[in-house]
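Straight from Swiss-Prot, the features:
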BINDING   25, 28, 56, 59, 61, 78, 105, 106  S-adenosyl-L-methionine binding site
């Protein structure tokens, strides 16, 4: 499947109706989701026939993309029932048999799913405002769940901090791409229509 085809497919995925600020629910755009998944699939062969987890899956754009690219099974994990209702609606719309969903607090599931997945993909909360450090909790959980690789988005400004953590956790960290994440003005306190954030697309692998 070409990148453009994947992107236009992901444009059909319904997003958040009322994003929740406490959960830092910012949508992953079809463009960014498409670029991530296309690279994971074509460069690293970490989706097709693999067991894939999507942490903080929200309405499911990464999960659905992974399922469309023939993941053996993709399981989305999220705490928010409203987002998961939209996720389930999207799955029905796409008629995908290789996708499942679990409602849970992502930060508390690592031990239950230790090394149960080949690949973990995620666009975690950036850990700003109310949730300082949650990005690292997501990452630590993801690393504990994956046997092959974790793919994640993180603010470029936190790269040195993440590298230090990766060294502590004895995982290899590779910045695959630097992306501009267009953050839509989805909350009332956002003054501008949208804000560009520099984001690293990172691959973590066991050493």
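Every residue gets a Cβ built from N, Cα and C, even glycine.
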Query: List, in sequence order, the same-chain residues at least six positions removed whose CB sits under 8 Å from that of residue 28 (S-adenosyl-L-methionine binding site)?
result: 36, 58, 61, 62, 123, 153
Message: With the cut-off set at 10 Å between Cβ atoms, which of these binding-site residues ends up with the most neighbours? Options: 61, 106.
response: 61
- prompt: How many other Cβ atoms sit within 10 Å of the Cβ of residue 56 (S-adenosyl-L-methionine binding site)?
  reply: 26
Message: If you count other CB atoms within 10 A of each CB, which of 78, 105 wins among these binding-site residues?
response: 78
Message: DSSP secondary structure for residue 61 (S-adenosyl-L-methionine binding site), reduced to helix/strand/coil, please.
response: helix
- prompt: What does DSSP assign residue 78 (S-adenosyl-L-methionine binding site), in three states?
  reply: strand
- prompt: Counting across all protein chains shown, how many other Cβ atoms sit within 10 Å of the Cβ of residue 59 (S-adenosyl-L-methionine binding site)?
  reply: 28
Task: Translate the DSSP assignment of residue 106 (S-adenosyl-L-methionine binding site) into the three-state scheme.
output: helix
